[in-house]
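Feature annotation from TrEMBL assigns transmembrane segment to 12-39, 77-98, 110-128, 134-156, 168-187, 199-217, 297-319, 348-370, 400-420, 426-451, 463-486. Annotation source TrEMBL lists region 'Disordered' at 263-289. Sequence annotations record features per position, and here TrEMBL assigns compositional bias 'Polar residues' to 270-285.
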Amino acid sequence: MAPSLAQAYRRRWWMAVTAVIENLLFSAVLLGWGSLLIMLKNEGFYSHLCIDNETVFSNISSWDSGIWHSCVDQEEMLNLGFTIGSFLLSAATLPLGILMDKYGPRPLRLLGSACFAFSCAMIAGAAYNPEVLSALIFIAVSFNGFGGICLTFTSLTLPNMFGNVRSTILSLMIGSYASSAVTFPGVKLIYDLGVSFRVIMWVWSGLAGLVFLNCFLNWPGESFPAPEDISYTKEVKLSGMVMDDKVTGDRFYSHVTTVEEKMAAKQQEPDPSSEQLPTGEQTQGGPPFRSSVCSPIFLWSLITMAMTQLRIIFFMGAMNKMLEFLVTHGDPHPSKELLMEAEQQVGFYSSVFGSLQLLCLLTCPLIGYIMDWRMKECDVDQSQPEPPKRDRKIQKLTNAIRAFIITNVLLVTFGVIQMIDNLPVQIISFIVHTMVRGFVHSCAGGLYAAVYPSNHFGTLTGMQSMISALFALLQQPLFVIMVGHLGGDPYWVRLHTHTHTNKQTCTQSIHTHTHTNTHTEHTHTHTDHIHACMQTHTAHTMTLVLCRCTTEIVRQINKNGFM
């Protein structure tokens, strides 16, 4: 039987701590794909494609001991599995939001933990005979992605139980979700110590079963109401008891009073003023949903978030091949020593990348602080006759603009560092990539909360996530082009995605500034913001041109043997 809200409230700290741990171990673990890819290749998943296609010898690398084979066809098939899993991580948010509003988080969390356990068991079973069962990896990563987003999405409602520290708990939930990419690199360390891959997957499946049990025992069947929507009641019960006096034998009644505390969501009381309004006037309280969807800010945010999501997912899926290219420099016939060096370097840097994902636990609260900058000055003090110093809506928009500009600068930095042909420098790109992952979704959420009605927020966020996930499916053909037509050279893919992402992000900032101007009388201040954004766009363009020229010069020097 599911516990009540009052029982869940008493267990809220246990639920919060376990939710953070569960997010780290079971949510978006597929984002640590680079380490999982190495283990899947070592276990022989789709290695039969390399044995069957021995005519393309230039793209085949194999160990003489016969442990595993690797080739382009295998890379493409496994990357397709990552594409499917990462798609479900984002695309499932819209239907999950609708289901959670109707049924609460408990059934979805039970379903998510069961799906994750099933995915790990399926991977373990397929590892017994990968030549025959390699195709199960597609079903496994699908269940893995869906189960992970179920656990993540349901944990985001838990901070409602924490009142004034709700934002802090929410930042920890988002940070633990973003940091879950560290899990597979940690699993790979255990794998490198000699533990069987199948044993690891079976144990992981069992741990997911503990998540199911924890949810079954502690999570309530109702949704967590917001602090302002919680009502506390005390129910007093009077019951009579018949008792006999042992000395006199008289019989008398004793009344027993039982006090029971209850916690529930407040019932929505009708507004007396609204009862007097005609039906046509009641609907004028807020803009229709269609106007929110068709607004320029939302449409440009879709393009911006889609391009950013594509860059993030493509980098994670193709990171191993990019690192390998930095070692081999596209040599079509690498020596065995060079291949061994490439394997060691890729394994080391993929572990470094996974370890750095823990930075999301720090960057997510940081962007939350930026989004809440000076919001206290917008509060109305009842004891003071003066109005608040700042308009709350304008301050929200200004903070969202700052967050978008910071994210755009990080995206420019990320793109520039990626185009530098130096392996140790890529550690900086790992750090910036982690910061962008922690920033970008908070920026979009803060913008939607500032511009649109609260009853549109969930649907708009779900639509944005689904459209971004659909657009991120392009990472598979981009990966095929990179390892095939471009011979593993990611330069042109990086350059084009880098250019388009920064153009769309700056355009998004301009539209946000324009929207801000319509809500304030201080037009000259926001015009200065627009001029600053245009100057930033010019600086971005100059940076791209300079970076492209510099990279071409370095490529020519490397080609001619001067370096």
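For all residues, glycine too, the Cβ spot is worked out from N, Cα and C.
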Practice problem: Tell me, please, if the transmembrane segment (463-486) and the transmembrane segment (297-319) are in contact, taking contact as 3+ Cβ pairs under 8 Å between residues separated by 6 or more positions? | Solution: yes
Quiz item: Taking the transmembrane segment (168-187) as reference, which of 12-39, 400-420, 426-451 has the most Cβ pairs under 8 angstroms?
Solution: 12-39
Quiz item: Of the listed stretches (77-98, 199-217, 297-319, 426-451), which one yields the highest count of Cβ-Cβ distances below 8 Å with the transmembrane segment (12-39)?
Solution: 77-98
Exercise. Give residue numbers and ranges for long-range contacts of the transmembrane segment (426-451): same chain, 6 or more residues beyond its ends, CB-CB under 8 A.
Key: 174-175, 178, 295, 297-298, 301, 305, 308-309, 312, 315, 323, 326, 349, 352-353, 356-357, 359-360, 363-364, 366-368, 371, 393, 396-397, 399-400, 403-404, 406-407, 410-411, 413-414, 417-418, 420, 457, 460-461, 464, 512, 515
Quiz item: Is it true that the transmembrane segment (134-156) and the transmembrane segment (77-98) have 3 or more Cβ pairs under 8 Å, skipping pairs fewer than 6 apart in sequence?
Solution: yes
Practice problem: Please check if the transmembrane segment (77-98) comes into contact with the transmembrane segment (297-319), where contact means 3 or more CB pairs closer than 8 Å and the residues in each pair are separated by 6 or more positions. | Solution: yes
